[in-house]
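Chemist: Quick one: structure below, then a few questions.
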């Protein structure tokens, strides 16, 4: 039957220290993820170098109490100091597949309300290398009076990269250099985008007709490989040339099928052809195949410039453009202009009068206009003139001028615009000239100058126009110069003078201007009026939610304040306690309309504690303030800056943890009497609970409790709840993790179980043949060699880690793996190194312990050595050392004659003083089961008798 190990939590006596530990935030940025290198640049700023497409990971390590909140922001780069709109509120900033545009300076801001925030920054330099682009250009010049021509060819290689790329030019497989070939010159031109190197072939020679390769490199920074591009130069190499099958301006009728061919007339290598349209993409249904562009059933919206471009990286691209014009007409308008010379705004007999007509057409200059009077063509005379392209009016506008207006000139005039011979419908506009034709006036109907509506409702603003003819009305905002209308336009035309708004919002409040247009009516100074829109909305209050703490028996004042609203007043305030209506407060006169509502509680009791709700109304809507009134204590504030909170134990796979905290605002409520501590191993259901009594707790006082018998390497959830005479307060929780000690040895035992990835600060030696490996029974290779190596660590649990050397291929006889400890400062004459080793297999080599002295350079001294098969058991060794100065210890595993030679170590302890006289403790020899199953302890072994026996053994 399988027996499960039972975890017991030993709670040792509680104590506290009276010291103020509130401290401002401190921050430090560390890197992780796939950084290529972190270096210091010329101005002593941290630079994080990373390859484009890799994962950026920055961590902001903070100290300070209470625990600081972290916010990450970024500048766009050296050209901008503005923060991005988005921020990351997390201690770890992670960006998957980072792009070059995400380089720049990153800021970590840590603040906890004590002192000033801490701000640290690091510059992220994103490295990349694009594919190079190679283009060829040539010049031809006459020399010596046209006796011969000199031809020079330039091969230009351009690439975008960071850091700057290095260029290598090759002809065939030979690297080129102008120092080795007088016909070659390599230089960097000025004023080019990206990085460019030019290979100049002077006075082209027969041997210059060859294949040329431009190789670019960033010297393998971040593992970015070199890239290259090759071009074959021949005596037929030439830039592209084009011609079109149609004229550069093509005018067609709507509905026709349009086909344009772009024909290559030169170019080697064979150029690539591409069609584009401006503005916007090619029309829907258009087909570009090779050099042929087809547009079926063309419409007016398809008008525009169509570009055919040919490229072959020789010379400049060839480009031909077709201006496609699809005949169309729209927006026929007219204007009545009274006598300009006499500055008149009315039509008067004996004065001049001008009627103008305009349409928006494509092509504009092909439009013809014809004037009619009373249904008959207007007959030109000395007093009736037709002009075109009046400089005071839009282009291609027809005007009918009436000189010295007579009564007989009154009538109905019609202007007709047309495309002669084209299937485009004519457009016409009609205007009546009589004694009743008068300029417009505009006004706001009575009672409509102020429009009041509720937010979310529709609104209609109205202006009335009188006159004959009546022009359209143009609407705009008055009080906000840069503001747009709700439609998103600065100006909006309404034919009936009504501006209709759907679902108005509070930002639409303000003054609106209505004015007459100068078209489809008199061409005179616009008439205008104004309408005020008032959008009413419910009140906004503060606090929306508030936690009110007070000691039992003390009074409390609750206030709900009006921040904004329309109308800006409180018409009613209703208070509720736990959902039940409270008596209304005293009535305030209307003239003294308050901007807040208050509720007085004479004393906080258990019965009066709970949720209070204040509902404030302004006749449009209501808003609510919520108050949670109680006498319960605030939550504890865990202290995260405890130095070395983890303590490991040599004789067991247990560790202890120093838990520290302060009490938030202890004077706000009744004194804390005790704390309820709950400790639960993660992924387990049962928790150990303990009540911890305390004396009076003051603000900033650091409280401490030591948790013992925590199992390596498990993590635990700790919950801490304060209790007062009122009862339970707010609970705080945190997760504590086991971390290996990496500090120098002191009088207390420091045992490294290798349970943490940092392996207590040990490092792999860079001068050996291979590395030590960290693993446990769960991470072992299932195909590993049998009959060698341990099945579990010294504790016998499958989760426990140990260090070992793997001696299978490609390892050879005599290969060495070295594991080096941190550097220790010698503060005692003698030290004892204790560790467990496992040397099982018929090909076992040697396990050596060396001491590296750092007094005068690095000197390695053998302190202990063991060779050969020692059986499938964990055994303990105690090695005395007496370093003369700063030192490190080194575990050296040496491969034997075959693959059955895995060696393992575990539970390394460095202790001041002499070693035990008895070098081998029989109680610490652990025999490993042949089946490979880990040893499991019976729960009874953790009872009082086991503790008593352990004390006797010591």
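Just so it is clear, glycine is given a Cβ too, placed from its N, Cα and C backbone atoms.
Sharing the feature lines straight out of TrEMBL:
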- 1-18: signal peptide (SIGNAL)
- 24-123: domain 'Ig-like' (DOMAIN)
- 132-230: domain 'Ig-like' (DOMAIN)
- 240-323: domain 'Ig-like' (DOMAIN)
- 338-432: domain 'Ig-like' (DOMAIN)
- 440-532: domain 'Ig-like' (DOMAIN)
- 539-630: domain 'Ig-like' (DOMAIN)
- 642-742: domain 'Fibronectin type-III' (DOMAIN)
- 750-917: domain 'MAM' (DOMAIN)
- 778-797: region 'Disordered' (REGION)
- 778-787: compositional bias 'Polar residues' (COMPBIAS)
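Quick one: how deep are these features, and who are their neighbours?
Modeler: Looking at the domain 'Ig-like' (132-230) alone, the prediction's average pLDDT is 86.
With DSSP states grouped into helix (H, G, I), strand (E, B) and coil, the domain 'Ig-like' (338-432) comes out at 6 helix, 43 strand, 46 coil.
Note: the region 'Disordered' (778-797) comprises 0 helix, 0 strand, 20 coil (DSSP; helix = H, G, I, strand = E, B).
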Chemist: Is the domain 'Ig-like' (338-432) in contact with the domain 'Ig-like' (440-532), using three or more Cβ pairs under 8 angstroms as the rule and ignoring pairs under 6 apart in sequence?
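Modeler: Contact between the domain 'Ig-like' (338-432) and the domain 'Ig-like' (440-532): present, because at least 3 Cβ pairs are under 8 Å.
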Chemist: Could you break down the residues of the domain 'Ig-like' (240-323) into DSSP helix, strand and coil, giving a count for each?
Modeler: 3 helix, 49 strand, 32 coil
